[in-house]
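Peer 1: Sharing a structure, written as structure tokens. Questions coming.
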Amino acid sequence: MRAPEFHANAMTSTGCDVCLDPQKSFAKLFKRTVILLAGPTGSGKTDVSLRLAPMIDGEIISVDSMQVYRGMDIGTAKVSWEDRQRIPHYLIDICHVQELFNAVDFYYQAIQACQNILSRNKVPILVGGTGFYFHTFLSGPPQGPSPDCDFRDKLALYIQEHGLSLLYENLCLKDPEYARTITKNDRNKIVRALEIIHLTGKKVSDHKWTKEASECQEYNCRGWFLSPPKELLRDTIHLRCQRMLEDDLIDEVHRLLKQGIRDNSSASRAIGYREWIEFIDQGSPAESYEAVKQKFITNTCHYTKKQRTWFKRYPIFRELPTLGLTAETIAAKIAEDYFLHG
């Protein structure tokens, strides 16, 4: 990712198309602009989006794998009902906690939301930190059978007990041709390959799926990645986790347990929920409260590192350092780029 410049003469990689390829530039005039706003947990994405939307007549699509669930409010830092009344939001509170929701579901619903917003001459703003959902939106839905959460849980336990290298060796025995195309450290692809073999009875290399192109290729996508200093983000996360607990996160977890969150292995493993589910299962011992709180904070910090690493792989997300900038200023910079190049 690279930090952009904000002035009338600035040329981003997208803007340079005007100079390099007139035909491509002409075709792009007919593309509708979609804003992608990403960043690590605690970077201020929500505040920026709420200020950006009125500036460009936009509506917001959540790119958060847990905000789709009703009742998972405090632990996901879900935007308030008042703000959702003021600015339309999509893909929030659309599922019961026992329902499964995956990247394929996200893709089709996000595309539908974009079409809805654009049909009214407004601007879709996709906001969130779930990297794989952004990847799916940009690249098209994953091919193959839907995920099997129970099978994935078994593989996760296997990795915990025996290590990822042994699981990779297992894949090498079952599908050596595919195994040679990935690294022994690529946990996601190893798990997905074994899952496909388990569900279809065929090797991954035997399948001849045709990749479905993403409909977002019809859009002029302009992406941003909010990048606060790491030290400042750690402090923000500490305060954020503390505030969630003061806002009765543990009571929220109790309510979700009664609603059956355990039946959803994805939701029950979400950071901010899995730690306190374990705490409750242990009988909520007072002496372990501080240790669990620290684990909650540490897990969140580790997740932000993964988010930074993930988005660095996608040059469409231009890094926007946020040190010393207010949410209003950041939103104004993104709006300026939209009016210059959108």
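Just so it is clear, glycine is given a Cβ too, placed from its N, Cα and C backbone atoms.
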Peer 1: In Swiss-Prot, which of the ranges 64-67, 120-123, 260-263 has the region 'Interaction with substrate tRNA' annotation?
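Peer 2: From Swiss-Prot, the annotated region 'Interaction with substrate tRNA' range turns out to be 64-67.
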Peer 1: How big is the gap, in Å, between the Cα of Ser43 (ATP binding site) and that of Thr130 (site 'Interaction with substrate tRNA'), rounded to a whole number?
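Peer 2: Spelling it out, the Cα of Ser43 (ATP binding site) and the Cα of Thr130 (site 'Interaction with substrate tRNA') are 13 Å apart.
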Peer 1: Let's check the environment of Pro40 (ATP binding site): how many other CB atoms sit within 10 Å of its CB?
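Peer 2: I count 26 other Cβ atoms within 10 Å of it.
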Peer 1: When secondary structure is assigned with DSSP, how many helix, strand and coil residues does the region 'Interaction with substrate tRNA' (64-67) contain?
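Peer 2: Going through the region 'Interaction with substrate tRNA' (64-67) residue by residue, I get 0 helix, 0 strand, 4 coil.
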Peer 1: How big is the gap, in Å, between the Cα of Thr41 (ATP binding site) and that of Thr130 (site 'Interaction with substrate tRNA'), rounded to a whole number?
Peer 2: 10
Peer 1: How many whole Å apart are the CA atoms of Arg152 (site 'Interaction with substrate tRNA') and Thr130 (site 'Interaction with substrate tRNA')?
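Peer 2: Each residue's Cα considered, Arg152 (site 'Interaction with substrate tRNA') and Thr130 (site 'Interaction with substrate tRNA') end up 19 Å apart.
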